[in-house]
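*Asks:* Below, the features straight out of TrEMBL:
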COMPBIAS  1-10  compositional bias 'Gly residues'
REGION    1-30  region 'Disordered'
DOMAIN    81-212  domain 'Methyltransferase'
Amino acid sequence: VSAAGSGAGGRAPSPQTGNRSPELGPGHSLVTLSSPHWDAAYDRELQTFQDIGDAGEVWFGEESMTRIIRWLEKQKVPLDSRVLDIGTGNGVLLIELAKYGYTNLTGIDYSPSAIQLSEKIREKEGMSNIKLKVEDFLAPSAELSGFEICIDKGTFDAISLNPDDAAAKRKQYVRSLCSVLKPEGFFLITSCNWTKEELLNEFREGFEVLEELPTPKFCFGGRIGNSVTALVFQRKKEEAIHLGQMR
């Protein structure tokens, strides 16, 4: 699974609406980004970081990180809550969370090059409390569980546009999310491919939406829309999930 969270980022065509078309990085639409591409991209970012200390781009911009941190602060989420960054990329989001005092942070990415990069950045920043590991979120290891907060900035988008049975992979993503996130835990997702309504449909099994976070708006042809969708879901209690499946 493509773990796209914090590397060079942008937008790609919506799989359902087709109304969103900017590309991800120079000359690449998200649809073309396979595992070898991610490794090559992060290899380049790793070399750049070693050469000039540049950590690389932040998916959806720094305001996307600020949006997440503000929500966590508003909800008074305890600083020792277990937080998982799904598709951590260069790990910059985790660095920012650590700077705000969060102490139990884990980042996963299926690209070994991404984890190498994030480890280098973690070392430079002196953030030894951040755990990083190579992991395929569609086949999570048994120890990847018990998180109170899960965050996704672009990874679900990448999975959504995988040419190899994307629908099945999206369903597996939801199953994986249920396995790693505690009941009543929070899932914060930022997407450039899916509208609010589409995301509600994708995560209807096992999750309920709590809030839509404000994102930049644009006007085109006299209509106002959002370039990015940011939602907060809460995982339902186990009994609520089972009742829903029985209906």
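Each residue, glycine too, has its Cβ placed from N, Cα and C.
Caution: TrEMBL annotation is automatic and unverified by curators.
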*Asks:* Count the residues of the domain 'Methyltransferase' (81-212) that DSSP assigns to helix (H, G, I), to strand (E, B) and to coil, and report the three numbers in that order.
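*Replies:* Once the DSSP states are binned, the domain 'Methyltransferase' (81-212) shows 50 helix, 38 strand, 44 coil.
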*Asks:* How does the model score the domain 'Methyltransferase' (81-212) in terms of mean pLDDT?
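*Replies:* Taking every residue of the domain 'Methyltransferase' (81-212) together, the mean pLDDT is 94.
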